[in-house]
Amino acid sequence: MGSRKKEIALQVNISTQELWEEMLSSKGLTVVDVYQGWCGPCKPVVSLFQKMRIEVGLDLLHFALAEADRLDVLEKYRGKCEPTFLFYAGGELVAVVRGANAPLLQKTILDQLEAEKKVLAEGRERKVIKDEALSDEDECVSHGKNNGEDEDMVSSERTCTLAIIKPDAVAHGKTDEIIMKIQEAGFEILTNEERTMTEAEVRLFYQHKAGEEAFEKLVHHMCSGPSHLLILTRTEGFEDVVTTWRTVMGPRDPNVARREQPESLRAQYGTEMPFNAVHGSRDREDADRELALLFPSLKFSDKDTEAPQGGEAEATAGPTEALCFPEDVD
């Protein structure tokens, strides 16, 4: 009776210093997903890594996972508000990619793999780097007081909005494709949470549509299976992320989208109302309300906002202004 070939795990879990040292001694290029315990590894890039493993092979390309809180060597990466991918070759750091930016990850992997092949085959000098971004101005963790209570928060001072990949797109296995297109459009995904919305959540979320004839059908659809709830920001400047995301989604009705914006997400992945694949906030005010409703455990603040003089009420920023993640979110 023939024995089955043992399947090799895509990403090796590095949980001890010994395993870290073993990783550094590996021949070739190793891509390490350094993640925070409260949010877990970066799932959207797994399909990319699987694809590259098939195309490139595992002889010189390796993938690993490492929780920042478990390894002293990763102390400076603790509390970071976005995924961090460290590239190691010959035991040295050769590249860093921040954010779940699939096109950039793919390019960096191919470039660094080619460079390492030349080091091994031709004796070329390996280009080693230091992660210069680990400076005070880029620290995501801020220890301060909020309403008189001590809190640990992770802050990203860029405008953000809510996006939902709806149950119809998730059920058809289109989540990874949509996430890839979101990233290619220049968005950074700060949070990606998969869960099934409750009926109470959906009714409150879509209360502005309660008078529409198809409201009950919409409620049933949104409760029918898991959705992916995303918090998006833009990787380029402070442009209106809400409006930009609505443009990428396309018209609400997939049939209209296919006529007017055939490259939009709803044109490509929607079928008919209410199965239009994705949701986006209507405006900045709506984004504030939706983010607060679906992510009640997240804290929103603007560290640059100061109380006005003359006894006026203190100015506050909504969720679209600055996003703060409690470090202990499950």
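Cβ coordinates are placed from backbone N, Cα and C, and glycine is handled just like the others.
Look at Swiss-Prot and you will find 307-322 tagged as compositional bias 'Low complexity'.
For the domain 'Thioredoxin' (11-115), the mean pLDDT of the prediction comes to 88. The domain 'Thioredoxin' feature in Swiss-Prot is assigned to 11-115.
For 157-303, the entry in Swiss-Prot reads region 'NDK'.
If you look up Swiss-Prot, you'll see 300-330 marked as region 'Disordered'.
Per DSSP, the region 'NDK' (157-303) is made up of 65 helix, 30 strand, 52 coil.
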